[in-house]
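Some features that Swiss-Prot has for this protein:
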- Thr2: active site (ACT_SITE)
- Gly157, Cys160, Thr163: Na(+) binding site (BINDING)
Amino acid sequence: MTTIVSVRRHGKVVMAGDGQVSLGNTVMKGNAKKVRRLYHGQVLAGFAGATADAFTLFERFEGQLEKHQGHLVRAAVELAKDWRTDRSLSRLEAMLAVANKDASLIITGNGDVVEPEEGLIAMGSGGNFAQAAARALLMKTDLSALEVAQTALGIAGDICVFTNHHQTIEELDAAE
């Protein structure tokens with residue numbers, strides 16, 4: 001699997017992901033890019049789960065963003081509806097984290113669209129470790145969103161065997 005973490009703080013939103021691709025108990029690749037920019041660089045998106053499935057979802061989500069002129073929540077809800085009802089999509093095994101200047105969302109294969117509390121997303125095999133680390137850092141430090149995301153992902157990489165230390169990080173200015 002993987003670990004994706006997204007943090008909103010001090011007018012910034014950051015999304016970071018590790019680079020490990022595993023097949024069973026074997027590491028197949030260590031530098032995969034699981035976080036990218038969509039819709040003219042205005043949306044950050046990351047995935048956890050099956051890589052081929054995630055690329056299909058990225059493509060569909062980007063289509064929804066275009067269709068709805070970049071409106072993140074509307075595009076996420078429409079993708080979730082398709083994911084729930086389209087037989088070919090319903091078999092996909094992946095989750096998406098998406099964020100723009102206004103919102104951060106998790107889109108699941110069950111058709112859920114969740115806006116997490118405190119603007120913190122952590123998902124994938126190392127998600128619980130990253131979430132615990134990020135929450136502690138957000139509560140007890142004044143670190144930037146970038147520093148919190150990097151540190152949380154690093155801690156997840158120390159603990160989770162399906163997460164490595166190759167980090168892909170994207171950052172946007174967020175709404176205050």
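Even glycines carry a Cβ here, placed using N, Cα and C.
Overlay of Swiss-Prot annotations on the structure.
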residue: Thr2; record: active site; DSSP class: coil
residue: Gly157; record: Na(+) binding site; DSSP class: helix
residue: Thr163; record: Na(+) binding site; DSSP class: coil
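Within 8 Å of the centroid of the Cβ atoms of Gly157, Cys160, Thr163, where the record puts Na(+), the same chain has further Cβ atoms from Thr3, Asp18, Gln20, Ser125, Gly126, Phe129, Leu153, Ala156, Asp158, Ile159, Val161, Phe162, Asn164, His165. Gly157 (Na(+) binding site) has a Cβ environment of 22 other Cβ atoms inside 10 Å. Neighbour counts were taken as the number of other C-beta atoms within 10 angstroms of each residue's C-beta; across the binding-site residues Cys160, Thr163, the minimum falls on Cys160.
All chains included, 30 other C-beta atoms sit within 10 angstroms of the C-beta of Thr2 (active site). Cys160 (Na(+) binding site) sits 9 Å from Thr2 (active site), taking the CA atoms of both as reference points.
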